[in-house]
Structures are given as C-alpha cells and as structure tokens.
Amino acid sequence: MKILTSSAMKIAESIAVEKGSSYMELMEQAGKGTADRILGLADVSGRQVAVLCGKGNNGGDGLVAARYLAEAGAEITVIFVMGRELSALARANLYELEKRRVHFLEPDAPLTRRLEAIRKSDVLIDAVFGTGFSGELPAACKELAEAANNSRAIKVALDVPSGIDCDTGLADKDTLRADYTYTFAALKPAHVLKASLPLCGKIELIDIGIPAADIAAIPDGITLLSAETAAGCIPKRQEDSNKGDYGKLLNVGGCVHMTGAVILSTLSAMRCGVGLVKVAAPQPVLSAVASHILECIYSPLPVSESGSISIDGVEQLRTEMGWATAGLIGCGLSVCDDTRLLVEEVISSFGRPLVIDADGLNCVAENPAMLRKALAPVIITPHIKEMSRLTGLSVEIIKNRRFDVAAQFAEKYGVTVVLKDSNTVIATPKRELFINGNGNSGLAKGGSGDVLAGVIASFLAQGASPLAAAVAGVFLHAEAGDMAAQTFTPYAMLPSDVIESIPFVLKQLL
Ligand SMILES: NC(=O)C1=CN([C@@H]2O[C@H](COP(=O)(O)OP(=O)(O)OC[C@H]3O[C@@H](n4cnc5c(N)ncnc54)[C@H](O)[C@@H]3O)[C@@H](O)[C@H]2O)[C@@H](O)CC1
Ligand SMILES: Nc1ncnc2c1ncn2[C@@H]1O[C@H](COP(=O)(O)OP(=O)(O)O)[C@@H](O)[C@H]1O
Ligand SMILES: [K+]
C-alpha cells in the first residue's frame, strides 16, 4: 500500500484534476464518504452533530459532510474555530450549507456557547486542520480541544486529527483525539507513525475517485511493508540443493567487552536460511561464540591492546573476504583506530554485498564518503542516533524528516539505508521509500539491532537484492518481535526471544 505525504497528495490531486475530476468534486467525495461512514456508525436523525470547522479545505470537507448529515435529519452546529474567512472551496460549500437549517456559531460567539455545543453533541467532526497543518495548535483551537477530548460524542477526525503534522507524526499535546479517522485517497505517514497512531482511533480510507493505480504511480509515494511483500522478498529454496547454494556469510565483529552482539547476529542469520556463517572475531570472543552456537565456523583474529580486532589481522580478513558471498561488519566491533582502518579496508576491497551495522557505522561516521569506495552493494542499518553521527544532523531533524534524510543519504552515497526506529524506513539510491508499521517497544533493547543485521545479511548472502533483503529483514524482524511480545510481553522479551520467534514467523510468511 502506498502512503502519501502532504506534497505527494497534492500531486495525486492535480493528476486527478488533469484527468477530468475537479477540486470541488474531490471535496464532495471526501465529505460524502465521511457522511456515509458516520451514517453507518449511528442513526443521526434528530441527534446533535457538531462540526469543528477550520479555514482550509479540511473545513470544506466537514461542511460537505454536514450537508449530507443534515439531509439525513441530524441537528448540525458548525463551530468556526479559526474564523469565517474560508478557502474558496470551503466557502462554496458553506454557501450550500447556509441554504439548510443549520446552526452556525460565529468566531465571536461566547466560548461557553461553543463549549456547550461540543458538550451536548452526539457526533463531533474534527475538520479544523488536515494535511496543511504544521507546528502548534493555535489558542483558538486549544480552548476547544479539552472539551472535545472529554466529550461523550463519537469523535471523527477528517484526514488527520487536528494538531498532528501528517508528514512527521508530530502531535501538539492538545491534539483532538479521534475515535475514527477518515482519510482520503491514501494513508498519510501520520497514520502509520507510532507517535501519532494512538491519537487516530480506527483509521479508515475513503475513496474520493483517485484510482489506486494513479496513487501507486506517484514517484514520491512511500510503500508500507506488508507480509505479502516481505514473503515475496525471501530467497527461495530448492530440494535439490546443498549448503553451497545458500550463501556464505562473513560476520566481522566483536571485542572482548562486547561478545553477545556477534552471537545474536550469527544466530539470527542462521535462522534465516544462510548456508554457512563464519565469525571473524578476536579469539576471546570466539570462545563465547563457541559456547552458544554449534553450527558456525570461525576465523580467529588478533586482538588489539584495547580488546578489539587488531589491524594486524587485515591480511587474514582479506582471505576470508574471498570466501564469502556476503558480509556483515560492525556488531560489537568497538570504535578505535584499528577498527576504523579495518572497516575502510572491508568497504573498499570486499567485492560482495555488505551490511554495515552499529560500530561499523560509527567507524564510518567521520568520513562517510568512504562508502563510495564500495565495490558491491552496501546496506547500512543505523538507528536515529547513528544516522545523526553519519549526517551531522540532529536527532530531532532526522525524526521529523526521516524520509528525506534516508533518501538523500542513500542517493548521495549509493547505499541502501535501513533507518531504524519505532517505524523503520528503508531508502534505496533510486529514492524508493518503504516504511514499517509492525514491531513494538519490546524491541527497544540492546541487541535487537544485532538480530536485524543478521537477518538482513542472511538474505543478502542467499542472493537477495539489497532492497529485497532489507524489506524481508525489517518486516520479519519486527513481526518476530511482535510474536515474542505476545508470549513474553514487551517488558520481558529479549532479543534472543526474537530469534526464537523467527522460525514461527517464517512458517506464517512462506
Ligand atoms: N488533497 C486532496 O486531494 C484533497 C484534500 N482535501 C482536504 O483538504 C485538506 C488540506 O487542505 P488545506 O491545504 O487547505 O489545509 P488544511 O485545511 O489542513 O488547513 C490549512 C490552513 O491551516 C493553516 N495552518 C497550518 N498550520 C497552522 C498552525 N499551526 N496554526 C494556525 N494555522 C495553521 C494554513 O496556513 C492553512 O491556512 C486535506 O487534509 C483534506 O481534508 C479534500 O477536500 C479532498 C481532496
Ligand atoms: N518502539 C519500537 N517499536 C518497534 N521497533 C522498535 C522499537 N524500538 C526499537 N525497535 C527496533 O529494534 C531495533 C533496535 O536496534 P538498535 O537500536 O540498533 O539496537 P542495538 O544496537 O542495541 O542492537 C531496530 O530494528 C528498531 O527498529
Ligand atoms: K482534521
């Protein structure tokens, strides 16, 4: 399914108009679709319906809905929240509504009357702000928000609850909390992002006459990952095969004070079907790996004074790189002069697809241009803080502009970016964008990222394209996280439980 930002939505709208629709017709469909859904929820005849009406086209949608609900016998009160100087389209629909028996509360009506109208409403339509909103709710809206949030009415938000920025999911603390959000033509990022999702209630998509094929073709659209898409990206297996057919993954990482990370990434890689995993790590790390995993093989590397892989191991690493069909570098690696040099060496001389995670990325952060030296495709898997180190942008900017930041980095350095967060975003060098909706707070624990890196690297080693490996990996990892949370709760689940859930999720997906 395609998700459209506010600017992509404008493109969809203009394409629809070029093809013979009109802005007026789109608004009519949005308002009528809303009224139809409300009529499906409740018999409004003789009941109180309050419309909180803004100045823009979101308000216009509310006025169209009010007209249809008035025809169905509802007692309508329109409350002008932001004044009465409406957009041209909204004004035209206000003119139509004025011909009906509808009560209007002017902007200068006493606050008590407006609060009373909200209090006694059976259905409350939030049509103050839609895709045009950003920043903070103005005082005129805030003074009504509390009453709206406390009202017993069925609360229906049009497009997005007012107070939410539809592209970033940033929500004003006084955002109107909806029971239902009816959104038009396509979902917006705020309907998926976990910051805003809980404020939307039940989200329903209303067709306003823009064909799905036109929405799918909008270049700036963002694809929401689904089980079906992920399943299609998992490499196939043949009965007539041997371990050599499923790839050889070289997992470079570990240092004496972080031994668990390579264990987690190796186990998750093996659970996802790779033929062989070789762990290249300092000897003390390999002892820990050996006590946990029976199925992988080892390449013991010399240890530096700080306990990480020493640069003296570079020749041995070159040989191992010749063996592998894909690589993973960074889990528990640590950051020091030796590992920085090693990471640069692996990027510039490894001729196979490579996943760079965690400290691998922290080693790159001072000079991300080294990514351009890669001889084969690279996937980077930064969380927001690591992306901040890589780009020099603040965590806040990255969170608010996650799609652009990921897409620009992918384009600039020619890598596939898996920008991890409560909603992980995938961006390719060709600006294809994906977002993940599943997963839960139980994944917000040290080690979850290592599990994801192993899953993606496993698919890559089996021959999946970087995009397919990222799509399958991100979805499967989050789904395994959801399964682990079902069994253990988000509090108690561990990254190891996520690995244990992978087989069951694979069974469902395949
Ligand atoms: N794009 C489309 O295809 C369609 C859009 N429609 C509706 O149109 C809406 C978008 O309409 P608009 O672009 O007019 O935008 P909105 O109706 O969301 O409101 C934008 C207005 O609010 C102001 N504003 C934004 N942030 C503010 C803040 N923090 N404080 C005070 N004022 C603020 C803007 O300056 C602008 O005047 C959609 O959400 C949807 O409801 C529908 O009519 C159906 C078709
Ligand atoms: N609240 C959340 N909801 C869904 N997924 C989450 C949440 N918090 C973290 N995750 C996921 O868990 C993983 C955490 O990765 P990361 O922070 O790199 O962990 P670590 O480096 O400790 O292994 C990422 O895949 C991220 O998308
Ligand atoms: K709204």
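From the backbone N, Cα and C atoms, a Cβ is placed for every residue, glycine too.
Remember, TrEMBL labels are computer predictions, not curated facts.
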Which of Asn58, Asn93, Asn150 belongs with Asp126, Ser162 in the K(+) site listed by TrEMBL: Asn58
Given TrEMBL lists Lys420, Asp421, Ser422, Asn423, Thr424 for AMP, the same-site residue among Gly392, Gly447, Gly449: Gly449
The one of His383, Lys420 whose CB sees the fewest other CB atoms within 10 Å, among these binding-site residues: His383
Fewest other C-beta atoms within 10 angstroms, as judged across Ser422, Thr424, which are the binding-site residues: Ser422
Cβ atoms near Asn57 ((6S)-NADPHX binding site) (within 10 Å, other residues, all chains): 25
Distance check against Thr424 (AMP binding site) for the binding-site residues Asn57, Gly60, Thr131, Ser134, Ser162, keeping those with Cα within 10 Å: none
Candidates near ligand 3 among the binding-site residues Asn57, Lys420, Ser422, Thr424, Gly449, judged by a Cβ under 6 angstroms: none
